[in-house]
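Novice: Can you keep this structure in mind? I'll have questions shortly.
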Amino acid sequence: MILVKDAIINGKKQDLLVEGNIIKKIGNISISEVSKDETEIIDGKNCVLIPGLVNTHTHVPMSLFRGVADDIPLMEWLSGHIWPMESKLNEKIVYAGTLLGTVEMIKSGTTAFNDMYFFLDSIIKAVDETGIRSTIAYGMIDLFDEEKREKELKTARKSLETIKNLNNSRITGALGPHAPYTCSKELLESTNTLAREYNVPIHIHMNETLDEINQVVEKTGMRPFEYLNSFGFFNDVNTICAHCVHLSDSEIQIMKEKNIFAAHNPVSNLKLASGVSPVLKLLENNVPVTLGTDGCGSNNNMNLFEEIKAAALIHKGVNLNPVAVTAKEAFEFATLNGAKALNINSGEIKEGKLADFVIINMKKPYLTPKENIESHLVYSFNGVVDTVVIDGKIVLNDGKMVTIDEEKVYELAEEAYLELTK
């Protein structure tokens with residue numbers, strides 16, 4: 001068990017008891033109510049306890065791509081830099097990159113993430129060791145080639161079976177067709193079939209740039225969401241669509257009707273000059289918005305607090321509206337909405353919820369005065385957290401990783417980077 005004493009929880013000073021992996025009780029809890037020998041007691045004085053953040057779109061192993069190709073347009077960035085480097089990937093490199101990325105996320109308050117990438121056995125191994133929660137998809141790209149398509153679908157099915165057989169509630173599977181402009185109709189149709197067979201979500205890039213939208217329109221005569229909807233891609237599945245930058249009104253209606261989650265990646269979209277997602281229109285149409293960092297190659301970090309701040313600021317600026325995307329809304333994008341998108345029983349601090357939470361020491365200049373903590377967490381916090389609990393286990397204590405040797409992670413990452421760039 002874990003007992004957190006005297007922390008600010010849901011706006012007031014109280015205690016929190018974890019039993020197993022569940023928040024058992026919130027309120028005034030005496031130490032005499034628990035067994036001292038079986039309970040880890042955390043002093044929450046001068047601290048705020050918040051839900052763990054949920055990163056709904058990323059490519060975690062790309063933590064090794066940090067800073068390698070800055071200030072370049074998306075298509076040139078992909079074809080001239082990222083894809084050539086990815087051709088050198090192997091299990092060892094992906095393992096090292098995933099370790100580095102998960103440590104970065106945990107140390108900045110993220111307790112769960114939604115990933116699409118390659119070498120999934122290496123990702124699973126790193127996730128298992130660090131203790132983070134994850135939904136993992138193999139990134140499928142067939143480039144309209146039948147032989148490649150069959151290979152990609154076979155790999156995706158094998159990955160789902162591997163994750164299913166883990167019997168690890170922290171690690172779940174998803175299907176990750178890259179995007180409509182890189183995947184054939186046949187692959188996309190098979191994706192929906194597999195998602196329903198395995199009861200897993202679909203994670204896909206949608207409408208990130210004008211160029212890719214034009215490619216789909218030229219090929220099909222329809223915009224991407226219209227095209228996918230025409231053959232039932234969104235039917236009877238939970239779909240998380242990353243980016244959603246350039247959307248028509250009809251596409252937003254499809255998102256609303258099909259209960260699609262938008263994974264908003266404001267920093268990545270700004271860095272690659274892709275544009276700004278019409279989040280206000282999405283909210284007006286009751287389309288749920290979540291937050292993602294994207295990969296470090298286009299961000300260049302995995303600090304979701306930066307995405308929260310960016311989401312709260314950019315829509316005020318582009319809409320000339322100071323109340324567009326409030327601090328509360330932006331925070332919920334990264335907590336409650338993200339948890340709903342990944343079907344995780346978390347995202348808020350309530351009895352009966354999973355014990356995925358973060359403790360932050362408020363004795364910091366940027367978190368003072370403490371009376372305005374909700375504002376501070378969105379507009380002034382730098383993301384450096386003190387304690388992280390995931391699935392009822394302490395994985396970060398006093399800013400230090402508990403589950404793995406952090407120095408070894410940095411050593412492996414440097415070695416992997418040298419191999420990747422030689």
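Even glycines carry a Cβ here, placed using N, Cα and C.
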Novice: Given that Swiss-Prot lists His57, His59, His205 as binding Zn(2+), which residue among Asp128, Asp294, Asp356, Asp386 does it place in the same site?
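Specialist: For the Zn(2+) site that includes His57, His59, His205, Swiss-Prot also lists Asp294.
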Novice: Using a 10 Å radius around each Cβ and counting other Cβ atoms from all shown chains, which of the binding-site residues His57, His59, His178, His205 yields the largest count?
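Specialist: Of the binding-site residues His57, His59, His178, His205, the most buried by Cβ count within 10 Å is His57.
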Novice: Counting other Cβ atoms within 10 Å of each Cβ, which of the binding-site residues Glu86, Glu208, Asp294 scores lowest?
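Specialist: Each of the binding-site residues Glu86, Glu208, Asp294 was scored by Cβ atoms within 10 Å; lowest is Glu86.
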Novice: I'd like to know which of the binding-site residues His57, His59, His205, Asp294 sit within 10 A of His178 (substrate binding site) at the Cα level.
Specialist: His205
Novice: What whole-number Å value do you get for the CA-CA distance of His59 (Zn(2+) binding site) and Glu86 (substrate binding site)?
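Specialist: That comes out at 12 Å between the alpha carbons.
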Novice: Given the recorded Zn(2+) site (His57, His59, His205, Asp294), which additional residues of the same chain have their Cβ within 8 Å of the Cβ centre, ordered by sequence?
Specialist: Thr58, Met116, Ala242, His243, Ala263, Asn265, Ser268, Gly292, Gly295
Novice: Where His205 (Zn(2+) binding site) and Glu86 (substrate binding site) are concerned, what is their Cα separation in Å, rounded?
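Specialist: Pair distance, Cα basis, whole Å: 18 Å.
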